[in-house]
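J.: One structure, as structure tokens, below. Some questions next.
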Amino acid sequence: MKIALLQTNPTVGDLAGNARLVQEAAHMAASSGADLLVTSELVLSGYPPKDLLSRQGFVAACDRWIDQLAGQLPKELGVVVGHPTQRDCPQGRIANAASLIHEGKVLATIHKRLLPNYDVFDERRYFRPAQKLAPIPFRGEKLGIHICEDAWFHDPATFYATDPELLGDPVAELGKQGATLLINLSASPFEVGKSRRRHELMAYHARHWSIPFLFADQIGGNDDLVFDGQSFVLDANGACVATLPAFRRGLLQVDTQALPPRQISLQMPVESDLHEALVLGIRDYCHKSGFTDCVLGLSGGVDSALVAYLAARALGAEHVHGLLLPSRYSTDHSLEDAILLAERLKIDHCTIPIDAVHRAYETIAVLGEELASKPAGLADQNLQSRIRGAIVMARSNHHGWLALATGNKSELAMGYCTLYGDMNGALAPLGDLYKGEVYRLCEFINQQEGKEIIPANILTKPPSAELAPNQFDQDTLPPYDLLDEILRGLIDREESVAALSHKFPASTVEWVARRLDRNEYKRWQMPPGIKVSPRAFGVGRRMPMAARCDGDWA
Ligand SMILES: Nc1ncnc2c1ncn2[C@@H]1O[C@H](COP(=O)(O)OP(=O)(O)OC[C@H]2O[C@@H]([n+]3cccc(C(=O)O)c3)[C@H](O)[C@@H]2O)[C@@H](O)[C@H]1O
Ligand SMILES: Nc1ncnc2c1ncn2[C@@H]1O[C@H](COP(=O)(O)OP(=O)(O)OP(=O)(O)O)[C@@H](O)[C@H]1O
Ligand SMILES: NC(=O)CC[C@H](N)C(=O)O
């Protein structure tokens, strides 16, 4: 059977636009002789549709669109479309479904069985799990169609294999009933290193049942998630014989009777994936929200340099506006570095010294006598940051530019950032990158560009907030190399303070852990980031704020 896999970029809620993407792909697939086109999970609604699923009329509209699509798709082609449905569900319940459409009719619909409810996923909030799963006969094959998590039963990071309430591995249910092809519709969010995990899991199924496995995944940025796609085809031995590039739209066609005899290696440098994920995440957030341009404060530091670079790649240099906002504590080299960066990136930039506004605050003693008598104290430091935040937002309001925040995961973890100051903004592209990763990505970018586009001085000078004389991050925080490793343990791997204290100085681990917990309130107010790690701040890590986290259990 000639099968085409569609890797596209649906917009959540845009039923007409997403249906058009399916239709266009169906015409292309039909004209290249395909028997079957397979789309990604919930391609019609976009993934994840979140509480749109609870809005009256939304799921009914999806069901109507499926009927309409059935009438519009090329008759000779089978098309598997992912969509939410209320059909064949008890009153008030809905399912995450995939329908096989052929000759103007819906031939069969299957529902997703394993509904992920960990990390960023919340599917049990909405969907009812499939009651039964069975292969769908089509043109001499028995299609083992299933949806994303249904193939993750054996993932060691989930609990499925050990949960007695679950009915078992959905793919095995299809295999036992004689499926001749395994077809997975996915919306699998990007994480560094995840594509290998996907391959290993799917290859297990292919090998176990000795049949090919086809994996159709979506791309695109949707809020804080970015999807890499990397749709692929495995032969009956689990070897990858065809794949689509990450973060790009595409249609991958294979003949399952004559799969190419090759094994494709998928290894990309971590930084290359990160770079593409962040560029697509920024571009899609802006464009899907109706913004063409963005604005940010350019300090001459590494965080704002990287965000400016990524934004220029995402939106085009002419759509990025950098504001240089020096205070009395800014060094000459910071201003020079920021100007050099803006010139190299060819982005719009202007300098607005903030000293006059800063002095005005001090002179009118808004904050009481002690501020004027104790300059560069905490309130005075944060005031500078908030003056900058106000100017960035004024430009955003006036020109309709989206404000980007520049904070990274290390400083957000430590609360080393100012509420309503440098935390202002709509999107924090580096919110899931530790400081060390920020530097490594900058170095990779300079290598990729074949020239020093991010000025070397930005990468070599010690990080400083420049809110007080001679202030350096390392006066307050442990060295970033150490801090990042401790944070990776506490956040990404959820290791205990006791366990980490065997690897790192115990007093530092304790200090970092306490500060991480104490600053949860800031992260409830941070702009959304772009998830690239196994555990990002945001919906996938829900910590209490008004709580004690340092009991004898910690
Ligand atoms: N548990 C809690 N729940 C809810 N709110 C809580 C709270 N504890 C304090 N707060 C509130 O939060 C306020 C403290 O937070 P905040 O005002 O942000 O200020 P704060 O965290 O005290 O200071 C900001 C820190 O970020 C550093 N920094 C580093 C790099 C860059 C920048 C920059 O801005 O460019 C800043 C700066 O040097 C300083 O150490 C308190 O005054 C209080 O209003
Ligand atoms: N002089 C400045 N002009 C414009 N924006 C500034 C200035 N100082 C700080 N900001 C804004 O506040 C953010 C936080 O400052 P911070 O010093 O923590 O970051 P950075 O300068 O980009 O990187 P680093 O921490 O490596 O110095 C900056 O990224 C920038 O967006
Ligand atoms: N949409 C889904 O079911 C995604 C869950 C799956 N474990 C993944 O991350 O790829």
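Cβ coordinates come from backbone N, Cα and C, glycine included.
Keep in mind the model is a prediction, meaning the values are calculated, not measured.
Pasting the feature list from TrEMBL:
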type	residues	note
DOMAIN	1-258	domain 'CN hydrolase'
ACT_SITE	E41	active site, proton acceptor
ACT_SITE	K112	active site, for glutaminase activity
BINDING	Y118, S188, K194	L-glutamine binding site
ACT_SITE	C148	active site, nucleophile
BINDING	G297, L298, S299, G300, G301, V302, D303, S304, T406	ATP binding site
BINDING	N382, E411, K522	deamido-NAD(+) binding site
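Walk me through the surroundings of each of these features.
T.: Within the model, the domain 'CN hydrolase' (1-258) carries an average pLDDT of 96.
DSSP assigns E41 (active site, proton acceptor) to coil in the three-state reduction, outside any helix or strand. Here E41 (active site, proton acceptor) comes close to Y47, G82, N96, A98, K112, I147, C148, L185, S186, A187, Q218: these same-chain residues lie at least six apart in sequence, with C-beta atoms under 8 angstroms from its C-beta.
The C-beta environment of Y118 (L-glutamine binding site), restricted to residues of the same chain at least 6 apart in sequence and closer than 8 Å, consists of T158.
There are 24 other Cβ atoms within 10 Å of the Cβ belonging to D303 (ATP binding site).
Counting every protein chain shown, the Cβ of N382 (deamido-NAD(+) binding site) has 18 other Cβ atoms within 10 Å.
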J.: Between the recorded positions K112, K194, K522, whose Cβ has more other Cβ atoms within 10 Å than any of the rest?
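T.: Of the recorded positions K112, K194, K522, the most buried by Cβ count within 10 Å is K112.
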J.: If one looks at the chain holding G301 (ATP binding site), which residues at least 6 apart in sequence have a CB under 8 angstroms from its CB?
T.: S334, I458, P463, S464
J.: Cβ under 6 Å from ligand 1: which of the recorded positions E41, C148, K194, N382, T406 qualify?
T.: N382
J.: Among Y118, S188, K194, listed as contacts of L-glutamine, what is the widest Cα spread in Å, to the nearest whole number?
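T.: Looking at Y118, S188, K194 as a set, their Cα atoms extend up to 16 Å apart.
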J.: If the criterion is a C-beta within less than 6 angstroms of any ligand 2 atom, which of the binding-site residues S299, N382, T406 pass it? List them in sequence order.
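T.: Checked binding-site residues vs ligand 2; flagged S299, T406.
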J.: How many other Cβ atoms sit within 10 Å of the Cβ of S188 (L-glutamine binding site)?
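T.: Within a 10 Å radius of the Cβ of S188 (L-glutamine binding site) lie 26 other Cβ atoms.
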J.: In whole Å, note down how far the CA of K522 (deamido-NAD(+) binding site) lies from the CA of S299 (ATP binding site).
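T.: Taking the Cα atoms only, S299 (ATP binding site) lies 22 Å from K522 (deamido-NAD(+) binding site).
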